[in-house]
């Protein structure tokens, strides 16, 4: 799949997860960006600790790479408790969840990534655990089967998802705290890059950090990945120091332009402009034209381009906006005018 091969993919990689642990912030004071989330969580945590209670169950959602796992670990650290981590697809049977719940200490954090992928049978077991701190499990099979209740210590469930809309209402309603993570601005990302470089022992100028940040698509995970690749370039061709010029040359070599677009992004936009006159074009026709799967366009390529205002979905199909023409230095068609685009957005 194209996502796994992209330098600017927001999804994580196994080796990357290990490397990122060394540069993750451990406290809210070290946490950069997301000011509203940070202030709210500091308040909730302080209140819970003051009462000697576990924090309310917390749902964190937003695009991949924005720090949901990092925030879950910070919550545990600030509460002074341990965190046990798992993910929705791993919890295949009720027994898998029961094993984790029964190993929790009072006020511990249970972190479930991709919580929207929990199976219905596991989710049913989770309801009484969240609400009453009790575990209802079946022992035996057939006529000899019986239900037993196990008391659980008070704990905090922290669920993370990129697709909050896929959560069932009963599960969503059991979270007392719901936090949405937004894309980062260039200033905050630049601070993150500088902090990561300092931890890794890299010499970096402020302008070099900003150059990396502005091409990172508003995502800390991408910013840290680009930093590691720019580090390689700087060590071989830049005397070990990351300046604006070194960062610019490195990222151009890596085919990441000033808007954070790579070859796949540009190919999609140029195909729409050159082969379909800017659209409207159906997603199946577009997929055939660039030899990609439909879901790759919808789940991997489109979201950032739509969020940045380069593509619109209309009732008639996808269209590029005037920003796409300006990005490539092309003349803007008269039908787009000064205001920009077609009559209005829609969902195809």
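Placement of Cβ uses the backbone N, Cα and C atoms for every residue, glycine included.
As the structure is a computational prediction, the values presented were derived from the model and not from experiment.
Here is what Swiss-Prot says about this protein:
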- 4-184: region 'Large ATPase domain (RuvB-L)' (REGION)
- 23, 24, 65, 68, 69, 70, 131, 132, 133, 174, 184, 221: ATP binding site (BINDING)
- 69: Mg(2+) binding site (BINDING)
- 185-255: region 'Small ATPAse domain (RuvB-S)' (REGION)
- 258-348: region 'Head domain (RuvB-H)' (REGION)
- 294, 313, 318: DNA binding site (BINDING)
Structural state of residue 313 (DNA binding site), classified by DSSP into three states: strand
Residue 313 (DNA binding site) versus residue 131 (ATP binding site) - Cα distance in angstrom: 41
Pairwise CA distance, residue 184 (ATP binding site) versus residue 313 (DNA binding site), rounded so that it is a whole Å: 24
Spatial neighbour of residue 294 (DNA binding site) that is closest, considering only the binding-site residues 23, 65, 69, 133 and their CA atoms: 65
Other CB atoms, at most 10 A from the CB of residue 313 (DNA binding site): 18
PLDDT averaged over every residue in the region 'Head domain (RuvB-H)' (258-348): 79
Inter-residue C-alpha distance, residue 133 (ATP binding site) and residue 313 (DNA binding site) (nearest angstrom): 45
Sparsest-packed of the listed binding-site residues (294, 318) - C-beta count within 10 angstroms: 294
